[in-house]
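In what follows, a single structure is set out as C-alpha cells and then discussed.
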Amino acid sequence: MPLRLDIKRKLTARSDRVKSVDLHPTEPWMLASLYNGSVCVWNHETQTLVKTFEVCDLPVRAAKFVARKNWVVTGADDMQIRVFNYNTLERVHMFEAHSDYIRCIAVHPTQPFILTSSDDMLIKLWDWDKKWSCSQVFEGHTHYVMQIVINPKDNNQFASASLDRTIKVWQLGSSSPNFTLEGHEKGVNCIDYYSGGDKPYLISGADDRLVKIWDYQNKTCVQTLEGHAQNVSCASFHPELPIIITGSEDGTVRIWHSSTYRLESTLNYGMERVWCVASLRGSNNVALGCDEGSIIVKLGREEPAMSMDANGKIIWAKHSEVQQANLKAMGNAEIKDGERLPLAVKDMGSCEIYPQTIQHNPNGRFVVVCGDGEYIIYTAMALRNKSFGSAQEFAWAHDSSEYAIRESNSVVKIFKNFKEKKSFKPDFGAESIYGGFLLGVRSVNGLAFYDWDNTELIRRIEIQPKHIFWSGSGELVCIATEESFFILKYLSEKVLAAQETHEGVTEDGIEDAFEVLGEIQEIVKTGLWVGDCFIYTSSVNRLNYYVGGEIVTIAHLDRTMYLLGYIPKDNRLYLGDKELNIVSYSLLVSVLEYQTAVMRRDFSMADKVLPTIPKEQRTRVAHFLEKQGFKQQALTVSTDPEHRFELALQLGELKIAYQLAVEAESEQKWKQLAELAISKCQFGLAQECLHHAQDYGGLLLLATASGNANMVNKLAEGAERDGKNNVAFMSYFLQGKVDACLELLIRTGRLPEAAFLARTYLPSQVSRVVKLWRENLSKVNQKAAESLADPTEYENLFPGLKEAFVVEEWVKETHADLWPAKQHPLVTPNEERNVMEEAKGFQPSRSTAQQELDGKPASPTPVIVASHTANKEEKSLLELEVDLDNLELEDIDTTDINLDEDILDD
C-alpha cells in the first residue's frame, strides 16, 4: 500500500516567475524571490502578502531567511548580495559578491556565515561578523554552480551541483573539493542531503530528466528515479517524512518513498514549470515555486505516531527509531498543568517500516506499528517481533487477543491470538475499519458495526465517521464526523434478544441496537473515555470533556495536542504534540466517578464518592447536577454562595436564601429574596428584605397593598431621612399629611410645586410659600420674582380664597381621624362631593377666622419629621416589622383628601 499521505493545499500565491522559496522557522511565512526583481513574504495561515522588497530590476534567483538576525538575504543577476531587516524593511548591507549571476545562497546553521554560488563558477564564504568579508573561495567547477547545500549532520561540509555534470563535496577551510560524484549525462541543477541518521545519502536532479540517490561515503549511486518528462529543477529529502520531493519543468511535482523509491503521488497545480522546493524540520509544509506563482502544500498526518498504556508507559516513533518513556520514573516530581514533562527517553531500537501509527492493545502487552502498507506487532516491553503482515489498516478489538486488518477495499480479516480467525467481505466495501466492542467498517454507504465473533451485522448507520471511541464498559460510543460528534448508547441486551428471536432485525441490522444520547456541533481531533465521561481535544485547541449533555472545558491549549491517556491514580490527563513533547492536566477521578454515578442514577454510589471530592471542585459538580435537573442535590453540594443563592431561589428555600443574603449583604440579593417571599405570601420576610435592600418603592407598595398606615408613616420618615423624597412625599400624601408634603417640597427647594400644592390643599400657606418662592427666584431673575402675586397683596387675583380658608378649617376638624376600611362603601367619592356645600354653616375658631380676615395666614400645623440623629438611623428592624400574616384591615385610611379643584372656584 502507498503511504497514506494527506496532501492539502494551504496557499496559492499568484505572481511572476518564482526562482527560490524559503520557509521561516518560527513565523508562518514563505519567502519567494521573483524573476521581476522583487522578493515577497506571504503568511500561509492568513493567505496574505505581508511584506515586499523591491530589490532590483533584474531577476532575484536566491533569497533566504536568517531568522536569528531578522534578515532576508538576496542574490540577484546584478551580482549584488543585499541584506534586509524583515521587520523594518530597511536594507542593512549590500555588496558585490560575484562577477556573474548569483544562483544560490546557503546560510550556515550556527556560524555567522553564508555561502554563495554563481555563474562565475565560484563558491564564496562570507562572514557577517567581519563586515561581510570574503573568508574563502572554492574553485573547481568548470560551469555554472547551480546549488549548494550544507550537510545537516556535519556543518563543516557542503555539496555543490553544477552544469559541468558533477556534484562536488567540500570542507570549510579547504579550497579544493573532498571528492566529486559523476553520473548525470547533463548539467546538474539541484542537490540535497538526507537529514536522517541512518543513511549517508545525497540526492541530485539534472537536465537528463533523472533523479539520482548517492551514498557519499561509498561515493556510489544507489538509485535512479525516472519519471519526469523535462529537466529536473529541484529535488529534496523531506526532513520529517520518508519522502523525496522532485520538481520539473514538465510542471509536475513527484513524491517518492525515500526507502522503497516507489512513486507515491504526482501533483500538477497548473502553474507551468516548477523551479524550486523548500521544506522545514518540524513541519509538514512544503513550499513550491513555479512560473506563475508559489504554492504551499501540507503533507501527511500532523498526528505523531505515539501511544500510552494504562500504566503510563509511552512509546513513540522518531522517524524509524522507536523510543520509550515511563511516567512512573518521574516519581513525586511536581507537575504543573500544561508544562512539558522532563521524561527520561530510552531507545528501543529501529523499526523495519516507517511508522505512521503506533497503538497499544487494550491490556498494554503488545503494540502495533503500521506504515508502508504493512503492520508489525511487537511486545511492548522489549520490542520483540510477535507478528506482521500486509494491511491497509489495523484495529484492535476490546479483547486484547483479537484484532482486524483491512487487506483491501473489499476484504477484512479478523485474527485471534495472532492466527487468522475469519475473513469476510462487507456488503458495500471497506474504506476504513474501527476497533472496539464492535468492529466498525466505513463504506460509501455509511458505517456498519459487526460482531467480532461471527461477523453478523449489528447495525448500519448512514454516517461517515472520522473516529470511533468506545467506553471501557462498552455501553457508550462516540462517533466523530468531520463537523460534529454523536454519543450513542449500545443496548447489548436488546441485541442478544434480537439475535435469539430475530425480531426487529432488518437489512440494516438490529433497529434497537443503539440509542442516540446527543449530538454536539464540535470537531473532535482525539478522544478517550473515562467512565461515562468522554474527554476530547477539539479543532479549536480546547481540552474538553462531555458528560450528561454538558461540555466542561479543562484547558485552552496553545497548540495542537493529542490525547494519550488518563492515569486515575495520578488524577492527570496526558497529551503529546507533534514534536513529541508530553504535557499533562489535572482531572480528578473522583469528579468523573461522581458524574458517572449520577448519569447512571446510582445516587448511593454518588454519595460515597462525594466526600473524596475536594471542596474547590464541588461547585463544578453542583453545576453538573443542576444541568441534570437535580437542583436539590446541587444546593447541598455547591460551595459557591452565588450559586447556592440562585439554587435556593429556584427551589423556594427561603431560610437558606435568607442566610446567604445576610452573609452577602447585597441589595440585589435582598430584592430577589423579597420577590420570592411575596410570591410565597411571607409578607413579614418580604418587608425585612425590602428594608435591607433599601427598596422604598417596594416597601410603599407592600404597605399600601396591606393597608398598614403605621408602616406607611414609618416609611415616610425613613424615606425622607435617606433622601428618597418621592417615596416620602407619596407616603405623607397617602396619610393625608398634606402639611408634611408641603414642608418636604419647601426643604427640597421645589417651591413652585409647593405653591401649587398650597393653592390646592392648604390655602392658608399660599402667602408664605409665594414669599419664599419670590425670595429664591430673585437670586436668579428679579423681574420674574416681582411678577409673582401674593394673595395678601392681590386679593382680587385669588377669588374665593377666603371661602377656601373656611373649607380648609372644616376639613382639618372633620377629617382628622382615620376611618376603618369597612366604612369604605359608605364614603362618597370625591367626584360626587361638593365640599363648599358640606362646609356651609361651619364656624371656624375665633383666632383662625380673625387671622384669615386680617389677611394673615394661620400658622402651619406642625409636621413631625424624622430627625437625622444616629439613633433614628439605627432603628431596629423590629419597629418596622408587622405580622402581615394575621393582618386586620381595620386601620386603613380611607379619608380622601384629593379635593377637586373645581370646588374652590366661585
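Each position is counted from 1, following the chain as shown.
Cβ coordinates come from backbone N, Cα and C, glycine included.
Annotated range for coiled coil in Swiss-Prot, selecting from 216-240, 416-440, 616-640, 866-890: 866-890. The average pLDDT for the repeat 'WD 9' (746-783) in the predicted structure is 86.
Around K627 (N6-acetyllysine), a 10 Å sphere centred on its CB holds 14 further CB atoms from the protein chains shown. Within the same chain, residues 2-3, 5, 7, 152, 186, 189-196, 201, 203-207, 209-211, 213, 272-284, 286, 288, 290, 299-300, 319-320, 354, 372 sit at least 6 positions outside the repeat 'WD 6' (227-266) and bring their C-beta atoms closer than 8 Å to a C-beta of that stretch.
Helix first, then strand, then coil: DSSP counts for the repeat 'WD 2' (55-94) stand at 3 helix, 23 strand, 14 coil. Residues of the same chain lying 6 or more positions beyond the ends of the repeat 'WD 7' (350-388) and with a Cβ under 8 Å from any Cβ of it are 1-4, 198, 242, 257, 259-260, 301, 305-311, 313, 315-317, 319-322, 394, 396, 398-400, 403, 405, 415, 418.
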